[in-house]
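Feature list (source: TrEMBL):
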BINDING   A:Cys196, A:Cys199, A:His200  heme c 2 binding site
BINDING   A:Cys318, A:Cys321, A:His322  heme c 3 binding site
DOMAIN    A:36-139  domain 'Cytochrome c'
DOMAIN    A:181-289  domain 'Cytochrome c'
DOMAIN    A:305-395  domain 'Cytochrome c'
SIGNAL    A:1-26  signal peptide
Amino acid sequence: MTHAFSPISVAAGFAALILSVPTASAQQTYERFGFAQTERGRYIAILGDCAACHTAPGGAPLAGGLRFETPVGAIISSNITPDRENGIGKMTLKEFDAAMREGIGQGGKRLYPAMPYPAFSNMTDEDIADLYAWIMAQQPAPAQINSNELKFPFDIRTGMIAWNMINFKPDAFKPDPAQSAEWNRGGYIVEGPGHCGACHSGKTITMGDKSSEHLTGAIIENWVAPNITGDAEAGLGAWEEQDIIAYLKTGANRFDIASGGMMDVIRHSSRMWTDGDLKAVAVYLKSQPGRSGKPLAAALPETDMRMQAGARIYKDRCSACHFDNGEGYPGLFPSLAGAGSVNAEEPTSVLHVVLAGSRAVATPAAPTGPAMPSLGWALSDNDIANVVTYVRNAFGNTAAPVSTEQVATARAALQP
Amino acid sequence: MKSRRMTRRGLLTTAAGAALLLGFGKVSAQESRPVWMPFDGFPPADSMAEGLQFLTPDEARTVGAIVERLIPADALSPSGKDAGCVDFIDRQLSGPYGVFSGQYREGPFQDGTPMQGDQSPLDARQRYRLGLAALDGWCRANAQAAFADLPEDRRDAILADLETGKITLDGIPAELFFEQVLANTMEGFFADPIHGGNKDMVSWRMLGFPGARYDYLDSLDIAGTPLRLDPIGLKGGPSWSADWVPPSAPARKG
């Protein structure tokens, strides 16, 4: 069989033709800011993971519409395409900067700190300007977003003025001259555009970041965002720099595979970071002390009845993939031994994956995206309490036992 | 902007490209990953059922009187009735199996040769409904009592005659009815307890079958030693409870 031309190359060429036609506004923006600045802005948008919140599944890029349920109502991400009516097309650089680094939107409207402007206040003038250039070069989308379904009094945006007084000190990232350039670059990404603390830092009662629990883990949307400091026991102590890099770049390393909210971070953001930035972030995170100060629980003895029953359930239902030693299989089955989400004070993530199951992230570098089956239908709340208690106290893990009531609460919170 | 001349070659290429793009769209939709959903556990639909789903109480009583003779209680195991075979059969009949939904059922229906297998137009529900009624009718006419009220040895004799076709039932061949109940009784006795039969995994204990386990990787080094694993079903087993005590003496030789 012979072909005059490959059908695939024709199709690819046809697609390229469509994609390569720049929009009028993009053309103007290139002319206004230049290609180099727009390209730098594209990378800032990747570092900042704008798409994770501002692109809804199946929706136009950056057109917003993603819902975030909070205890006081829903916040819906806004349209940040350069559409002049429904997006941010009319924003000047100065207004864009105020939104990014001060939380003040168009017309002086106060933004909710779901938009992590406290972190973005660490960003440099140059990065803000580059990001502005890139956003203005994107395809405008007419999606009209009502971004606020909060309950009274939280629906009154001026309330954020008070919030800001308590929780927000706009402050550019201050490089530490005693540290390497690499460490400082990592710090800038983690504290600034990467806004890692938005999920991984403990929160005060007003949902501000708790400075004493900086990067030491928190509960968010029924997952544990684990401690990502260099703390030997509670944090990333067991992970070498290379493990952190592999996790951020591919979604998987020899210990773990990303699931929960971190999947979006990897898919839309960190897998596209430069190797230099990945290394810098790893260096910075490893240097962070685990400052939570909470004492670790002592492991339950093997003779505990919950441990005995849990061990038998583990053997029958878990060991096929996670193995008797809890170490799993690199790249396929996460290690339970020493895992931050397993040893976390709250068993939120473990209960989440046992009850509802989970599909891990799939990236071009690690495309399998293995799934944990839901065991919620086959295991009773009591069975799950015992097996999770066992997993949290076997293989060198130490964490508080889990009660049947905790499982029932988690089940009720997760069940669709 | 300079107007482009549409050449014949260009038109064909564009059309082919467009067709391919459309085609690729379809292909990629089919090749995309199955959608993963939280709580996707696929428990059998019948696993949560309570009470009779298809059989009437009288029918269930007759089925019980049959299955406790097909699998009588003895030193090895309890009876098919006590093992839950009636529940198993009732749940299966209420589900897709009851109407043989996995089979071609449009006919034509003709008597085939024995090699051609089951050619009956009756689905499983009809076989039970017709067969049980006909059996009771035959028993009332010839033994002056419902089947379930007859003594064990009389029931055994009647079942033997059904199997060989010595008895003629109204509306259904006796052998067909007997084969149907016998097959479902064995399925209920040996299937995972999640389906209603094999209560407490009695048949698995009888056989020494350890149940639904993934592998025996950790047992490779102790070849030749009986494992004596307590069986587990899809929803677990007694060994999952905290107060479970391992059986001290082996029940059978390994």
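Cβ coordinates are placed from backbone N, Cα and C, and glycine is handled just like the others.
Keep in mind that TrEMBL annotations are predicted by a computer and have not been checked by a curator.
Positions of TrEMBL features highlighted on the structure.
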residue	record	CB count, 10 Å
A:Cys196	heme c 2 binding site	22
A:Cys199	heme c 2 binding site	23
A:His200	heme c 2 binding site	24
A:Cys318	heme c 3 binding site	23
A:Cys321	heme c 3 binding site	15
A:His322	heme c 3 binding site	21
Cα separation, A:Cys321 (heme c 3 binding site) to A:Cys199 (heme c 2 binding site) (Å, whole number):
29
Quick one: pull the CA-CA distance for A:Cys196 (heme c 2 binding site) versus A:His322 (heme c 3 binding site), whole Å only.
29
Arithmetic mean of per-residue pLDDT over the domain 'Cytochrome c' (A:305-395):
92
Heme c 3 site shell beyond A:Cys318, A:Cys321, A:His322, criterion: Cβ within 8 Å of Cβ centroid:
A:Tyr314, A:Arg317, A:Ser319, A:Ala320, A:Phe323, A:Gly326, A:Gly328, A:Phe333, A:Leu336
Distance [Cα-Cα, Å, rounded] between A:His200 (heme c 2 binding site) and A:Cys321 (heme c 3 binding site):
28
Going by DSSP, is A:Cys196 (heme c 2 binding site) part of a helix, a strand, or coil?
coil
Other residues, Cβ within 8 Å of A:Cys196, A:Cys199, A:His200 Cβ centroid (heme c 2 site):
A:His195, A:Gly197, A:Ala198, A:Ser201, A:Leu215, A:Ala218, A:Ala225, A:Ile228
The domain 'Cytochrome c' (A:181-289): DSSP-derived helix, strand, coil residue counts:
51 helix, 10 strand, 48 coil
